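Some notes on the structure that comes next.
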């Protein structure tokens, strides 16, 4: 695409002569800017992109998109008050509005986004729809798989990923949509066909400032749905109705504890999985899955509901296929070589930890003990730290350790957590590797060990370095050294 085409009729002030020259790329990183690129000078958390516009021009940028005019730059400048909106607009235009050529499902909620997204994608594939995935663990763009640190990529990358999906002849995409991604405009200009709400509980208050603003951010996905789209909500969530009320799309519900369009009843759990019946339009459909726990029944229901609403067809066939689905990496993932059951899970919010501990406690023998290794991330919501302790001590014995401390003092984070304990059913070991060893060493064959918080992650972030750290590998190493 040429510069004059890209900038035609955009709501911005343009300084300099806009010529018909090819645009190679859009980028936020001045270091990666090359000849023919447009540099987006955004104000970030750590630095101001406007400070690097000169470097971008030296590297070959043909235009700068910013909220400020710089009289010392010799290239075209695109100046707008709403940089977020225009960045998303240009990204979509540059990649020829790829989301309009895909059936895009957006999944939002405090917990369960990754599992619901993965299950929905697998069900779509089973029904013959080549489907991409944008999510926490990986982005699947047809034959290409990308690992990224963001649940929802920035607007430029997201449109680029959609374009690659179209190029690979995919017809659908499932996107994990975080509240932060919504608030930062990362999914602006993405045309969603469906939205799924998993649940809403305490998270990301460090970013949003209040729980009310957190909910408002999540609602943006449902406001953006078209009238011919579908809004799928968990009716057991107290906020579900408010999401349906603000959405132009057709509302569909799923639930376990109350009436809904898709309702699960007769739930039974074991270490091998879950069985339940689904009530839909007066019929009963028996469902079995290798995924364990009530929270995973919700996840399965959400995936089934949205896929069935989009594709239609034989619901019984779709339900039957659920038995072949598996949980994403790091979601209540068992490690099979230990003296007692050991699970790794991404649970890093109070609700998520409660869900996982609840099901594992149900799998314990009467004289067994649940041993929980967990910490809390640094530079994130402080208020949930003592709440995590209260949840953990309800179910078992805790080994409190470090998660991703980031720029904070790990010992202070641990102190914040421990302020929530009302008993002495915990020990402290700030070194996560040693904490895992300690938990496994104290476990008896009738116990269960849960290593929570990091799940699929293969790194640990400290103030001055990021190290390789995989909970699963550390568990296996600990088992090899102990037994």
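Start at 1 and count along the chain as shown; that gives each residue its number.
For all residues, glycine too, the Cβ spot is worked out from N, Cα and C.
Secondary structure at residue 115 (ATP binding site), as computed by DSSP, is helix. Under the heading ATP binding site, Swiss-Prot lists 109, 110, 111, 112, 113, 114, 115.
Counting only same-chain residues at least 6 apart in sequence, those with a Cβ under 8 Å from the Cβ of residue 403 (meso-2,6-diaminopimelate binding site) are 348, 374, 375, 376, 377, 378, 413, 432, 453, 454, 460. Mapped onto three states, the DSSP output places residue 403 (meso-2,6-diaminopimelate binding site) in coil. Here Swiss-Prot flags 380, 403, 404, 405, 406, 453, 457 as meso-2,6-diaminopimelate binding site, drawing on sequence analysis.
In sequence order, 108, 109, 179, 182, 197, 200, 243 are the residues near residue 218 (N6-carboxylysine), counting only same-chain partners six or more apart with C-beta under 8 A. Taken from Swiss-Prot, the feature N6-carboxylysine covers 218.
According to Swiss-Prot, the feature motif 'Meso-diaminopimelate recognition motif' maps to 403-406.
Once Cβ contacts within 10 Å are tallied over all protein chains shown, the binding-site residues 113, 380 are led by 113. Of all the binding-site residues given, namely 111, 404, 457, the one with the smallest number of surrounding CB atoms inside 10 A is 457. Distance noted between the C-alpha atoms of residue 110 (ATP binding site) and residue 380 (meso-2,6-diaminopimelate binding site) is 15 Å.
Ranking the binding-site residues 110, 114, 115 by how many other Cβ atoms lie within 10 angstroms of each Cβ puts 110 at the bottom. Under 8 Å, Cβ to Cβ, and six or more positions away along its own chain, residue 112 (ATP binding site) finds 198, 199, 295, 298, 299, 302. When Cα-Cα distances from residue 380 (meso-2,6-diaminopimelate binding site) are compared across the binding-site residues 111, 113, 114, 115, the shortest belongs to 111.
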